[in-house]
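Colleague: Before anything else, here's the structure in question.
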Amino acid sequence: MFFMLWLIFKILNYYLFWPMAEIYLEWKLFEKWITDWTFIMKFDSFSLIFSFVVLLITIHIFFYSLSYMALEKENLNFFMLMFFFMSSMLILIFSFNLSSILIGWDGLGITSFLLICFYHSNLSMNSSLITVLINRVGDLMIIMSICIYLIFSTWNLNFFFSNSYWKILFILASFKKKAQLPFSNWLPKAMAAPTPVSSLGHSSTLVTAGVYMIFRLNPIMIYKTKFMFYLCFFTMLLKKIMAILKFDLKEIIAFSTLSHIKIMFMSMSLSNYTGTFFHLCTHALFKALIFMCAGYMIFCSGVQDIRKINFYLLNPMVKFAFFYSIMTMIGVPFLSGFSSKEYIIDNAMEMNSSILNLVLFISILLTSMYSLRFIVIFKKNFATKFKMVYINSTMSKSIISLMIFSLFSGSILQWMFLTLNFSVVLFNLKIFLIGILFMMMLFFFFFNFWNYKTFQFYNLFFCLYFFSFKFFNNKKIYICLEKNWLFFSINFIVQSMNWLNKVFYQKILLF
């Protein structure tokens, strides 16, 4: 896997200087019914960049799973299924004919079914059955499009610019993968899978497969339709409202994935293909990160209900990564999510459509609502009872590493694909909004500083209250000890306070 990542990175350096170059590799498998059954691979800048993103996320999730799945008896089978899951997506990324597309498409469906039912419980078995049955409908659409291809005795997609029947079938097949409104029930059910599966599937493989295939075929598909735009909008609106009302941590993130997928399809319906691919890559990185942080919380607390998760006992670096992913999902300026969303919104607002501007405003508002809801609920969950939890540094290290890649992905992709960092038309408006944002940050900082007299030192393990010194009058210090976190610092503080007490009492006795 590391060799594949290195090889793609080297080829990617070549395509940075010739971004319009394309290479087609064709293998003839056999000949049947006067038709050459071939395997065609297309290598260009888009396929290489997205395959690099998929491999990067997969490597981090594999290291993350070494700790997360360490106590499972069938962890070897889990890693084998995850490898086939990733391989199926790579086949789908480089494929440019229906025979190879079907191999990658079916591979994703079969491996996702086996991964969702990995725990062998009634919930996981029912969820995997619902997932595979709905996705089989999409596979049937691809098989029907293959039957149309057999009429022309070829598999190459370049020969079918004028045929509209297979385009409709392919769009319907993509509806199943991207969980469009009539077929969206399977995605929250898929949360019965282990968290590493959800992280990989919702970020860069299973859910994004339909988006990527429509993006790859955009000159052929002629995807600019108002019907698709409004259908994606109503699906996005419904799922964001459900994300606001839910309390299950993984289901909320799954509904947020659906809303971001619909933003990509809305962008494609407006013929903004570069912005779609830009947001596809940045979304893959920060969505994998937020799922890994959610898995860390579930692993430590043992619950998925956000009302019961004690956020104060977590590793502070993991908390920082979680807040970073939340802010990126909202689109806070200078983060990767802001870079991709900004390009999509710029292209949409330049069309001077009031309905389109209203749709974008509703989308941004609802995303901020269900994202900030995390912070509000977690801030209230200060538990009075604590329990020792097992903390493994492998999980936190993989989370921090992926956060660093996600942090710089927006700037790197913006430099690679986009000629202007800011739209000239909306530059003054953006400066005005960024100024308002920083003024709000300063206001809330001073408001909290003067109104809250609570010093809270989190991420230790016990809850200690100090009232004996005059310095701590009208203030509380919460020290929540965590295993192996700042142990030396806390030991030093306690010993220093004991020494001060001894010196103080000795002086009293002397007098």
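Including glycine, each Cβ sits where the backbone N, Cα and C put it.
A TrEMBL annotation is a machine prediction, not a hand-curated record.
Annotations per TrEMBL:
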- 7-25: transmembrane segment (TRANSMEM)
- 45-66: transmembrane segment (TRANSMEM)
- 78-96: transmembrane segment (TRANSMEM)
- 96-367: domain 'NADH:quinone oxidoreductase/Mrp antiporter transmembrane' (DOMAIN)
- 102-121: transmembrane segment (TRANSMEM)
- 133-152: transmembrane segment (TRANSMEM)
- 196-215: transmembrane segment (TRANSMEM)
- 227-245: transmembrane segment (TRANSMEM)
- 277-299: transmembrane segment (TRANSMEM)
- 311-335: transmembrane segment (TRANSMEM)
- 355-378: transmembrane segment (TRANSMEM)
- 399-417: transmembrane segment (TRANSMEM)
- 429-450: transmembrane segment (TRANSMEM)
Colleague: Could you pull out which residues elsewhere in the chain have a CB under 8 Å from any CB of the transmembrane segment (399-417), counting only those six or more residues past its ends?
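Modeller: That would be 16, 19, 45, 49, 56-57, 60, 64, 274, 277-278, 281-282, 285-286, 288-289, 292-293, 296, 317-318, 320-321, 324-325, 328, 335-340, 343.
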Colleague: Using Cβ atoms and a strict cutoff of less than 8 Å, what residues sit near the transmembrane segment (355-378) while being 6 or more residues removed from its termini?
Modeller: 233, 236-237, 240-241, 243-244, 252, 255-256, 259, 263, 266, 306-307, 309, 311, 323, 326, 329-331, 345, 348-349
Colleague: Sort out for me which stretch, of 102-121, 196-215, 227-245, 277-299, has the most Cβ pairs below 8 angstroms to the transmembrane segment (78-96).
Modeller: 102-121
Colleague: When each of 102-121, 196-215, 227-245 is checked against the transmembrane segment (277-299) for Cβ pairs under 8 Å, which one has the most?
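Modeller: Answer is 196-215, with the largest number of Cβ pairs below 8 Å.
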Colleague: In terms of Cβ proximity under 8 Å, which residues at least six beyond the ends of the transmembrane segment (227-245) contact it?
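Modeller: For the transmembrane segment (227-245), the nonlocal Cβ contacts are 171, 180-181, 184, 252, 255-256, 258-259, 262-263, 265-266, 269-270, 359, 362-363, 366-367, 369-370, 373.
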